[in-house]
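The structure appears below as structure tokens.
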Amino acid sequence: MRVKRICCIGAGYVGGPTMAIIAQKNPSIAVTVVDINANRIAAWNDENLDNLPIYEPGLSEVVKEARGKNLFFSTAVDQAIEEADMIFISVNTPTKTYGVGKGMAADLKFIELCARQIARVSKSNKIVVEKSTLPVRTAEALKSILDNTGNGVNFQILSNPEFLAEGTAVNDLLNPDRVLIGGDIDHEKGKEAMQALVDVYASWVPKERILTTNIWSSELSKLTANAFLAQRVSSINALSELCEATGADDNEVAKAIGADSRIGSKFLQASVGFGGSCFQKDILNLVYISRSLGLAEVADYWEQVITMNDHQKDRFAKKMVSTMYNTVSGKQIALLGWAFKKDTNDTRESAAIYVADELLAEQAQLHVFDPKVQKQQILNDLKTLNTRSEEENANLVSIYNDPFKACEDVHAIAVMTEWDEFREYDWQKIYDQMMKPAFVFDGRNILDAKKLEAIGFSVFQIGKAN
Ligand SMILES: NC(=O)c1ccc[n+]([C@@H]2O[C@H](COP(=O)([O-])OP(=O)(O)OC[C@H]3O[C@@H](n4cnc5c(N)ncnc54)[C@H](O)[C@@H]3O)[C@@H](O)[C@H]2O)c1
């Protein structure tokens, strides 16, 4: 079968960019992205492409090309489901904040709501694609809901996890290392559904990069791919502390280890810790699943990746305090960057939030600048922690549109996100306007420490004996 109409439920960081590329590369397929968040849909439809709800390099050009032709954003969820022959579920699957599995398991209530809505609305056969990252065997639950509450139509369930990385989403979607499609490979209808999805991707992805597997392998591969990536970050971060204590240099060590082709050089950059909506959530989920299956050692092994990441954020904040004579009370500190990584406006689980919280607990006053994150987002992130009142946060945290203003009269600057522009600043000008001694804590190792030290800064970088 050839797919003619696609519906994607969830217009977020995955649903939006993924569907924009599918539409751009398949002009004969009508793609409608729906969401219950009317503001988000309005932003996707905004004439001014600078107002798209998600910042990704290259995304606005793709949206400009396809929107209104065969790419649509809408709040009419029922209608889009009914009209589609393939439905992607791309809603959020956050960590549970209540009940059994609180703080560990993935909250699947949004997924279940989608399944019930698809079952209720569908009057014709549908292929339902899990795009969200889900615990292994979720497809079983989806099938049960769809078959038991549906109108007697046939549902084929596929798993097609998304491997894009925020900040490089467009390029990752255009040139994926692989596309993974899991389905019911033992039955003809399952195979047909898989082929229909293979054909959608084959419009631009070389066939050998489209992997088809059984559905459980596909679900589990996504969780574990994220676990492996996060594990590398925690491994190099663990080494960074060892480097600081011994005089080894983490960049040199990373280069030496990464030169081994079995290890590879990517993802070996020490930092203040990983953030983002996925790594922590997916590892916690993996730990929860392992523990539920009685696999205590497996669970403990992966949990350590999170422990190390929390430690890295904590020790960075503590290093700042101890370097500044063991007190930051009443001191002004500039945080450069709030997004969890460069080239995105996403702040979920950003290391900056946790470092800021620790500094605020020490009564520091923060000046925050990020090229793409809005003021309200920063205040919301701090509010979500529930550490202090909104008024206290607002009194202690000033948010700037100009990095030089943010750094005026501060005792210290902490680089929290690796935005390229931070490297290019006139650091002499910044130094001249700061309190002395002027401290820089480079949580991403992007600044030229020698140059800064020549200006007069005291510089701390991760993984270097200072
Ligand atoms: N962000 C990433 O880099 C990334 C990468 C790969 C996979 N994933 C996975 O993809 C999934 C989505 O992530 P995201 O970052 O796009 O999340 P997101 O929060 O940005 O977007 C999810 C959207 O779904 C909408 N939604 C929720 N329930 C709905 C419903 N019943 N009907 C219509 N809309 C509904 C929400 O309003 C929200 O806009 C998650 O499972 C995540 O783990 C994310």
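If you go along the chain as it appears here, the first residue is 1 and each next one adds 1.
Placement of Cβ uses the backbone N, Cα and C atoms for every residue, glycine included.
Annotated in TrEMBL:
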type	residues	note
ACT_SITE	Cys278	active site, nucleophile
BINDING	10-15, Asp35, Arg40, 91-95, 132-133, Glu166, 278-281, Arg348	NAD(+) binding site
DOMAIN	334-449	domain 'UDP-glucose/GDP-mannose dehydrogenase C-terminal'
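Mapped onto this structure are the features recorded in TrEMBL.
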residue : record                   : CB count, 10 Å
Gly10   : NAD(+) binding site      : 27
Tyr13   : NAD(+) binding site      : 25
Asp35   : NAD(+) binding site      : 23
Asn92   : NAD(+) binding site      : 18
Thr95   : NAD(+) binding site      : 19
Glu166  : NAD(+) binding site      : 24
Cys278  : active site, nucleophile : 24
Gln280  : NAD(+) binding site      : 21
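In the three-state DSSP classification, Thr95 (NAD(+) binding site) falls within a strand.
Ligand 1 lies under 6 Å from the Cβ of the following recorded positions, listed in sequence order from Gly10, Asn92, Thr95, Cys278, Gln280: Gly10, Asn92, Cys278. Per DSSP, the secondary structure of the domain 'UDP-glucose/GDP-mannose dehydrogenase C-terminal' (334-449) breaks down as 44 helix, 20 strand, 52 coil. Annotated pair Thr95 (NAD(+) binding site) and Cys278 (active site, nucleophile), C-alpha to C-alpha distance, rounded: 10 Å. In this structure, the C-alpha atom of the residue listed as 'active site, nucleophile' lies 10 angstrom from that of Asn92 (NAD(+) binding site).
In the three-state DSSP classification, Glu166 (NAD(+) binding site) falls within coil.
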